[in-house]
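Undergrad: Once you've had a glance at the structure underneath, I'll fire off some questions.
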């Protein structure tokens, strides 16, 4: 039986290549995801190992608020200079250096723009001289308070040279310095992991990066000979007490890498999610292929049964075939995935100037998941065809039976049942307490239901679609052919449906959300001019708070106020807070209710949050901000959250303890009769020294803030392209088989005078009808899913359903093109048939 | 068109036709310089044992297969040397086919199958001729049925009607009764003979059945790629006789 299986495998190469390709592409995605995460993970390990190579032990103050990488930015705390002296006196310490090093030193390049910083930090610190790692390339370290040195990456990106006057944004607004030195690192590197670094003199660094002189972020300790870092760590920890984190250099590197790896894990999950969609679509293709192979081998299998093969042997032979295909495809997919992973790593490295990629490795997880996924998917898809094969009776070997098309009742009933299950899952997931998994499961089950119901609807819909082409004989024949095998047409179309439905669904939700939010913003926000920037990295763009007062002085401005954002622990719970320099003016500018100016110990909270937490006006709350000690604030007022840009409002005084003590947005409302054009140029001039932000009118600002939605749509489209590509392979496969199966018919048509080009047209029409049918299903199902999600989000303010008509039309047109492309090879094959041989074919 | 000025009008003609398959040692000679004419309005049978070249001769005459040497004419047109486009047009407009396996399109109704060659050519059937053909084949009440709903004999009659509808110069029939029971076979043969007698249709039929051959005007016997015998006005007995005496084993 084994030999017979292998022989028959080799006998049908083309089909196997096509169905194998579906597995190859899916597995490639899976393996690629693991390889890129592994490679980047090791790159981070190397990066931090290099960065902390000169550190035996580090001491830093415990942060006031613990924030994980996924929750936001951890704001480091500062430690006083006295601790440095304490540590220096610990036995076994060779050298202890107080370091100022904090993210947020944004250098302005020679073109007047802030250097781009999307991922790696932009560190500002004190100049502590050269060491094993750090070497000056030009000039010297900063000695005067208006001097700085930068690393070579900053100099390169900003096109800066020694002697230039360079603007730097820090905790304080733009300050200008003279560049006196440029440094690099060992092995001639321009930066460590793409981070931009600026060094000031110590007092300047403390003032600009910590906000207080006499403070440091970290103590870098060198151990004396004969003392291990671990020993020294324990000694120092005992000396400084519990308020400090004391770590060895290795630990520090590990912890830093770990927090980035947490991010990589998340990224990996997204990639794997899309890989599973591709594989899910692949199952359709493989299922189709195996059904057809079994149908074509009816005689052969019946003969084996007649010769004494048992049912189990027949099932075994089909499943064995699946295992072999799955295994081979998984191995090829794995190899391709390593390439893709390496490519993605390179892409990441090229997007982050100065990032060094570790050598590409193939982790065990990639190998295992590739093989398991590849084989599992193929075998699962082959189970139904295998069972069908086992039901072939031995008599079939003797008869020339075209298996009659079985009625669709069973399949349709199954579809209805599965649909009900999927609908229920979705319903509970969306409206009830169910989570994301229930929704995803519901979507998946619904897809299967639609696939099961597709044969039933394929007849009328395909018939209707086909009418578009019925004006010519080849068109009519093609249309009739596409309706001939409803199951096969259905599965092929359903595979295409999945990808397009997901893209459409996401677009519906995103566009609806975007439009709803924009409409709400347009309706509620009274401010005509808004100052703010587009956030590209972990740190939001900020501006000089002095701009706020200057803006209020411009004639025509009725009210203006800025907001600061941070995370805080309120009564022990982590939450986002907002501060404003003038709550009354902010409420007026924003179009909100009348609110008092907050005193330094007062907080205003949205009515909804008050109800949720069971608080009332007059209650007192314990608030811990990123810096400083915890304070008690009294709830002074409450407001409708729909009309204010935040849930908690703190007074201006609180901003000095914020992680980023500069405003991120300002809202400006004009007096009646004043136009935006009259005031905007003046405000633009005011923010000229804050190059991260700009002043714009409300509509421009809203669109700018909502551009993320479009990015998500584009990303989803790109990631789902693979699933759609696999579906296209399915169309090719189905057509190739149609041509093969109808060889004699094609021969007859050619014999009675159908020309080659007419033959090709006939095949093309069949492909186009199937593809457009699939796209139509996808657009309809996707719109339905999207609409369901939007309905469920109604209470969250997404109250406008926007169907992407243009996009949907585009998908249908693209599907028609895909059909044409998919039919090229089968059509050529059909046209080239030898008429005589075709007619004689069995 | 000069070849047309002959005493008996010829519908199809083969001259010194050779057909060789394969090369060198594996060479198989299917036809060895066969010359034959098929008169207009005549019903001719080609007989011979398996491998005698009878099907090959028909395929070459119909332009379905190329010849190695020699020429083939349909009416006044030389078929040998035509490109695929011209061959397609020739088959569409001037040649009809009837196959052993019926070869109907399962997706089309009987009427649509009959009209198919005309549809492909973009022509309309002559309504009078349409009615005549449908009536003679006896399919009037079966026109909207699909092939799967018709018996073998009915399917073959649909195929005959399809071949006749475009009034081709010549119809080639390859064992048209091979898959039919004797009653249905007789119906089809009678119908083919009538279309020759009454409407002047030319038919060339390959068969190995002496009874089928007896419906024709003339029988050409092939053996080993050459014509070995001819018989005019055949009856089942004379055909059998010729097959035995001529050592033409069918």
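Each residue, glycine too, has its Cβ placed from N, Cα and C.
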Undergrad: Name the residue range among A:436-457, A:458-479, A:524-545 that TrEMBL annotates as transmembrane segment.
TA: A:436-457
Undergrad: Would you mind telling me which of A:190-220, A:221-251, A:314-344 TrEMBL tags as transmembrane segment?
TA: A:314-344
Undergrad: Write down the single range among A:695-717, A:718-740 that appears in TrEMBL as transmembrane segment.
TA: A:718-740
Undergrad: Pick from A:661-681, A:808-828: which range has transmembrane segment per TrEMBL?
TA: A:808-828
Undergrad: Looking at A:132-154, A:155-177, A:408-430, which one does TrEMBL call transmembrane segment?
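TA: That would be A:408-430, the stretch labelled transmembrane segment in TrEMBL.
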Undergrad: If I go by TrEMBL, the feature transmembrane segment sits on one of A:76-99, A:100-123, A:364-387. Which?
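TA: So the range that TrEMBL calls transmembrane segment is A:364-387.
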Undergrad: From A:49-70, A:489-510, which range did TrEMBL mark with transmembrane segment?
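TA: When A:49-70, A:489-510 are checked in TrEMBL, transmembrane segment belongs to A:489-510.
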Undergrad: Please check if the transmembrane segment (A:270-294) comes into contact with the transmembrane segment (A:808-828), where contact means 3 or more CB pairs closer than 8 Å and the residues in each pair are separated by 6 or more positions.
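TA: In this chain the transmembrane segment (A:270-294) does not contact the transmembrane segment (A:808-828) - fewer than 3 Cβ pairs sit under 8 Å.
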Undergrad: Among A:364-387, A:489-510, A:763-788, which stretch has the most Cβ pairs under 8 Å to the transmembrane segment (A:436-457)?
TA: A:489-510
Undergrad: Among A:16-36, A:364-387, A:408-430, A:763-788, which stretch has the most Cβ pairs under 8 Å to the transmembrane segment (A:808-828)?
TA: A:763-788
Undergrad: Are there residues at least six beyond either end of the transmembrane segment (A:408-430) with Cβ under 8 Å to its Cβ atoms? List them, or say none.
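TA: Residues 436, 438-439, 441-456, 486-487, 785, 788-789, 791-792 contact the transmembrane segment (A:408-430) from elsewhere in the chain.
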Undergrad: Quickly jot the same-chain residues contacting the transmembrane segment (A:718-740) by Cβ under 8 Å, restricted to those at least six beyond its ends, or write none.
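TA: Non-local partners: 14-15, 18-19, 21-22, 25-26, 29, 270-271, 274, 277-278, 280-282, 284-285, 288-289, 292, 481, 485, 488-489, 491-492, 495-496, 498-500, 502-503, 746, 763, 766-767, 770-771, 774, 818-819, 821-823, 825-827, 829-830.
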Undergrad: Six or more residues beyond either end and a Cβ under 8 Å away: which residues meet both conditions relative to the transmembrane segment (A:364-387)?
TA: 19, 23, 26-27, 30-31, 34-35, 38, 279, 282-287, 290-291, 293-294, 314-315, 318-319, 321-323, 325-327, 329-331, 333-334, 337-338, 341
